[in-house]
Amino acid sequence: MAMAIRSLLLPLALLALAASSAAVANLEIGFYSKTCPDAEKIVREEMAKIIAAAPSLAGPLLRLHFHDCFVRGCDASVLLESTEGNVAEKDAKPNKSLRGFGSVERVKAKLEAACPGIVSCADVLALMSRDAVVLAKGPFWPVALGRRDGRVSSATEASNELPPASGDVPLLAKIFASKGLGLKDLVVLSGAHTLGTAHCPSFADRLYNTTSGSVDPSLDSEYADKLRLKCRSVDDRTMLSEMDPGSFKTFDTSYYRHVAKRRGLFRSDAALLFDATTRDYVQRIATGKLDGDFFSDFSASMIKMGDVGVLTGTQGEIRKKCYALN
């Protein structure tokens, strides 16, 4: 009975959080109810087709929203193509491995056919990332809408502002704090690494290039041996490794069990064990008895992140094509 009541209260609590957070950011639950009433349904139905055809895209689509929000806020600037006079965010080194741009254009085209010039690319990204998590068996959270699309996209800004995969907790906490996100958001949003894969260059320095000349001591040696079989060198760009081995297409808590066993893929994953606050969270969720708590925490942190630096009202524009300015 207590569990049933709690499961009813959680969505209500998230709705209240989304509404209050949205009010501060000038966003609104049901923003398109009059101008494009089927917007969320269109995104959800198209996402169901996309993930059914390519389940491994759930992680990349979630990552697109992350990488967007950490540079200039959630304004879809990560989707813009470079032009003759400007190198855009998507061509910055940390964004070279981003995928899913075609899926975003596919969803946007459906929305444009139904409601031309109404739904922003920034809102499309926010909705697609939520639906990607839901379709990967993760939690649902309400997405407040009304973001507008930015007109500036800079590779230099992306290189300087994105949280690096090699970062320690003090550095990552500083970057998160600059976006209004706390230490709990950091450890909770790291849980997104339960989905997706990574190329060797993003973690191979832990296998070959450490100052001691051996494997990073914070990495389990048996796991390191397995990774070395896949990644033959620091520059090996051909092989992909699962960020959450055995479960990289399913949104769950197994990522924390890997991290607790020193089997996190990135230095930033391993770093979570070197801070008392983040270590405590990792170890609690790793028990497998608090999946509901993690789902609730992740939803709350995604709501907060989705409000970072948004453009609203008459700011920015509503792009017709997400890869180009109007």
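Any Cβ shown, glycine's included, is placed from N, Cα and C.
Per TrEMBL, these features apply:
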type	residues	note
SIGNAL	1-23	signal peptide
DOMAIN	26-326	domain 'Plant heme peroxidase family profile'
DISULFID	CYS36-CYS115	disulfide bond
SITE	ARG63	site 'Transition state stabilizer'
ACT_SITE	HIS67	active site, proton acceptor
BINDING	ASP68, VAL71, GLY73, ASP75, SER77, GLU89	Ca(2+) 1 binding site
DISULFID	CYS69-CYS74	disulfide bond
DISULFID	CYS121-CYS322	disulfide bond
BINDING	PRO163	substrate binding site
BINDING	THR194, ASP244, ASP252	Ca(2+) 2 binding site
DISULFID	CYS200-CYS231	disulfide bond
Model confidence over the domain 'Plant heme peroxidase family profile' (26-326) (mean pLDDT, whole number): 93
Spatial neighbour of CYS200 (disulfide bond) that is closest, considering only the recorded positions ARG63, GLU89, CYS121 and their CA atoms: ARG63
Among ARG63, PRO163, CYS322, which are recorded as recorded positions, the nearest neighbour of ASP252 (Ca(2+) 2 binding site) by Cα: ARG63
Rounded Cα separation (Å) that holds between CYS74 (disulfide bond) and the residue listed as 'substrate binding site': 15
Between GLY73 (Ca(2+) 1 binding site) and HIS67 (active site, proton acceptor), the C-alpha gap once rounded to whole angstrom: 9
Near-site residues: Ca(2+) 1, ref ASP68, VAL71, GLY73, ASP75, SER77, GLU89, CB cutoff 8 A to centroid: HIS67, CYS69, PHE70, ARG72, CYS74, ALA76, VAL78, GLY150, SER153, GLY309
Those recorded positions, out of ARG63, CYS69, CYS115, CYS121, CYS231, CYS322, that come within 10 angstroms of SER77 (Ca(2+) 1 binding site) at the Cα: CYS69, CYS121, CYS322
CYS115 (disulfide bond) versus recorded positions ARG63, HIS67, ASP68 - nearest by Cα: ASP68
Candidate with the highest Cβ count within 10 Å, taken from the binding-site residues ASP68, ASP75, ASP252: ASP68
Residue, out of the disulfide-bonded residues CYS36, CYS69, whose Cβ gathers the largest set of other Cβ atoms within 10 Å: CYS69
Listed recorded positions GLU89, PRO163, CYS322, filtered to Cα within 10 Å of HIS67 (active site, proton acceptor): GLU89, PRO163
